[in-house]
Amino acid sequence: MARMYYDEDGNLDLLANKTVAIIGYGSQGHAHALNLKDSGIDVIVGLYPGSKSAKKAEEAGLTVHSVADAAAKADWIMILLPDEVQKSVYKQEIEPHLKEGKVLSFAHGFNIHFGQIVPPPTVDVVMVAPKGPGHLVRRTYTQGEGVPCLFAVFQDASGQARDRAMAYAKGIGGTRAGILETSFREETETDLFGEQVVLCGGLSALIKAGFQTLVDAGYQPELAYFECLHEVKLIVDLIVEGGLANMRDSISNTAEYGDYTRGPRIVTDETRAEMRKILQEIQSGQFAREFVLENQSGKPGFTAMRRQEAEHPIEEVGKDLRAMFSWLKKA
């Protein structure tokens with residue numbers, strides 16, 4: 001059974017008199033920076049010249065530097081940039097300033113695990129990964145709560161890397177909810193698998209297939225949207241609150257019976273075989289190489305897929321329906 005660690009397990013004194021540079025000020029960046037600041041940590045932000053986020057960070061009371069200057073000034077560097085740009089920013093702006101004793105950290109293990117970034121042996125390399133979007137990390141912190149985090153050590157040059165990672169997790173509010181120890185490999189591979197097979201890829205494909213099946217059978221697209229997309233959140237909320245059993249306890253007997261008898265016909269042995277194949281592609285580095293090459297070539301396929309998906313009929317139906325939801329307008 002995995003062990004969870006809480007506030008009493010983290011020691012913020014390990015970050016006392018240290019300067020933490022948050023590289024990037026997007027969803028996670030703003031949450032990490034503000035939470036650490038409110039925890040009494042000295043925080044600076046590193047952004048590229050002309051970044052639109054600089055004004056937001058400064059208005060929040062943070063000092064903004066170039067990425068290179070922030071990396072030079074900091075004892076702890078947290079890279080919170082998109083995976084595909086981290087390597088170039090690291091090589092050009094951060095690596096030259098990685099002096100012995102510093103900490104290099106990430107919120108996702110992709111670039112370390114797949115060898116895109118290779119740090120010098122004289123620095124600690126850790127990961128602190130909140131299991132929620134940045135706005136939730138920030139909001140729960142201000143409410144005296146937190147979002148659970150994963151933490152991991154890739155390289156322990158100081159002998160304190162693990163304790164330092166736990167201290168950082170406490171600084172952003174993670175230990176209020178609980179933090180779980182993992183490895184860069186485990187976090188990276190399970191995260192990619194979850195995104196591709198269940199949370200993003202699998203769910204999106206399932207929603208579209210269900211929607212299209214109903215529309216092709218002559219049902220109103222609006223009804224198909226409600227049944228196959230809109231109500232997903234209602235079911236997922238029940239699952240998050242108490243697992244599959246809680247969801248099944250909350251739905252009708254008709255729905256529950258259909259769940260047991262028809263659901264397994266959707267996820268077949270062939271589906272599970274594809275899941276294993278996708279996992280192997282992740283484990284072997286095939287997906288990582290594909291993603292890196294796609295970005296190096298200017299994202300032609302990625303851009304085309306984005307455009308094609310944005311034009312799917314479900315998007316137009318959803319846009320029109322949501323415009324009529326009075327409760328959504330108020331929210």
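Cβ atoms here come from the backbone N, Cα and C positions, even for glycine.
Taken from Swiss-Prot, the feature active site covers His108. The NADP(+) binding site annotation in Swiss-Prot covers Tyr25, Gly26, Ser27, Gln28, Ser51, Ser53, Asp83, Glu84, Val85, Gln86, Gly134. The Mg(2+) 1 binding site feature in Swiss-Prot is assigned to Asp191, Glu195; the stated evidence is sequence analysis. Look at Swiss-Prot and you will find Asp191, Glu227, Glu231 tagged as Mg(2+) 2 binding site, backed by sequence analysis. Look at Swiss-Prot and you will find Ser252 tagged as substrate binding site. As annotated by Swiss-Prot, domain 'KARI N-terminal Rossmann' applies to 2-182. Swiss-Prot lists 183-328 with the feature domain 'KARI C-terminal knotted'.
Residue pairs drawn from Tyr25, Gly26, Ser27, Gln28, Ser51, Ser53, Asp83, Glu84, Val85, Gln86, Gly134, the listed NADP(+) binders, are separated by up to 19 Å at the Cα level. You'll find the Cα of Glu195 (Mg(2+) 1 binding site) roughly 20 Å from the Cα of Glu231 (Mg(2+) 2 binding site).
Set side by side, the binding-site residues Ser27, Asp83, Glu195 differ in how many other CB atoms lie within 10 angstroms of their CB, and the most is found at Asp83. Mean pLDDT of the predicted structure over the domain 'KARI N-terminal Rossmann' (2-182): 98. For the pair formed by Asp191 (Mg(2+) 1 binding site) and Tyr25 (NADP(+) binding site), distance between Cα atoms is given as 22 Å, rounded to the nearest Å.
Looking at Tyr25 (NADP(+) binding site) and Glu231 (Mg(2+) 2 binding site), their Cα atoms lie 33 Å from each other. A C-beta separation below 8 Å, combined with a sequence spacing of at least six in one chain, links His108 (active site) to Asp83, Met127, Ala129, Glu187, Thr188, Asp191. In the three-state DSSP scheme, Tyr25 (NADP(+) binding site) falls into the coil class. Closest to Val85 (NADP(+) binding site) by Cα-Cα distance, out of the binding-site residues Glu227, Glu231, Ser252, is Glu231.
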